[in-house]
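As written in Swiss-Prot, here are the features:
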type: BINDING; residues: Gly39, Ala40, Ser41, Gly42, Ser43, Gly44, Lys45, Ser46; note: ATP binding site
type: DOMAIN; residues: 3-234; note: domain 'ABC transporter'
Amino acid sequence: MHLEITDLNRVFVGKRGSVVALKNINMHIETGEFVCAVGASGSGKSTLLRLIAGLDTPTSGTINVDGQRVTGPGADRGMVFQHYSLFPWMTVRQNVEFGLKLQGCSQKERFDTASYYLDVVGLINFSEAYPRELSGGMKQRVAIARSLACHPKVLLMDEPFGALDIQTKERMHEYLIDIWQRLQCSILMITHDVEEAVFLAQRVYVLSSRPGTIQRELTINLPGDEETPKNRTYKIKREPEFFKYSDEISSLLRGRETEETEAIAS
């Protein structure tokens with residue numbers, strides 16, 4: 001899988017004039033990579049993900065998946081949203097099978113595929129439960145299983161853990177690292193949480209705000225990354241390298257905010 005974003009721009013036109021949400025975005029994601037795009041509010045993170053998902057149309061520029069131009073939603077891109085997007089009247093299994101049913105898969109194929117991915121996310125014993133019976137973290141694991149069940153080439157994640165408490169979020173990070181390494185899937189996740197980006201990603205794109213542009217691209221190399229599988233647990237947050245990357249990204253974001261504040265004041 002190769003995701004290529006070239007000279008991407010998105011301008012919104014309203015009664016009060018034009019707003020440039022994204023300007024000259026160039027990014028790429030290779031097969032099996034975990035990439036994060038981090039930025040503050042107003043950096044166009046969610047707009048970027050919606051464009052890649054085919055839920056919005058760029059003003060100019062191109063998005064290609066394996067050389068095919070994105071012109072709308074497709075099964076080659078899975079999406080996990082920040083807010084729980086499960087159907088409350090369906091069981092966990094039915095939620096995971098939903099996309100497969102739309103694709104015309106047989107009942108046996110739906111059952112087997114859903115069982116596999118529910119096992120991957122550690123929820124096989126909750127197959128017949130309803131979303132109301134699950135915690136927030138469990139709901140997001142179901143959403144991840146549902147997206148993965150359709151075998152997307154890239155999994156798009158829109159701040160999926162933003163509504164979770166810190167302890168649940170940390171557990172979800174380790175679940176996600178394990179899922180990514182077991183399935184060797186490609187993931188693009190957007191977040192405003194700097195430590196989340198450094199902990200999860202192999203590469204991080206730092207976005208500025210108003211308009212959203214790429215300030216910098218960083219390759220993350222933490223102790224244990226040379227191992228197979230990568231040994232990323234929460235002990236890694238004590239390492240000097242983790243602080244270095246987090247501080248560099250935070251400084252970039254703070255620097256941009258300072259420039260904007262000074263511009264408004266003048």
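Note that Cβ sites are derived from N, Cα and C of the backbone, with glycine treated the same way.
Note that the structure is predicted; figures quoted are calculated from it, not measured.
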Q. Out of Ser41, Ser43, Ser46, which has the highest number of nearby Cβ atoms, where nearby means within 10 Å of its Cβ, if these are the binding-site residues?
A. Ser43
Q. Around the ATP site recorded as Gly39, Ala40, Ser41, Gly42, Ser43, Gly44, Lys45, Ser46, what other same-chain residues have a C-beta within 8 angstroms of the site's C-beta center?
A. His192, Leu207, Ser209, Gly212
Q. Does DSSP give Ser46 (ATP binding site) helix, strand or coil?
A. helix
Q. Near Lys45 (ATP binding site), which residues of its own chain have a C-beta under 8 A away, given they sit six or more steps off in sequence?
A. Ala37, Val38, Gly39, Asp158, Glu159, Ile190, Thr191, His192, Leu207, Gly212
Q: Within 10 Å of the Cβ of Gly44 (ATP binding site), how many other Cβ atoms can you find? Include all protein chains, please.
A: 27
Q.
A 10 Å Cβ contact count, applied to the binding-site residues Gly39, Gly42: which residue has the minimum?
A. Gly42
Q) What three-state secondary structure does DSSP assign to Ala40 (ATP binding site)? A) coil
(Q) I'd like the number of other C-beta atoms within 10 A of the C-beta of Ala40 (ATP binding site), please. (A) 17
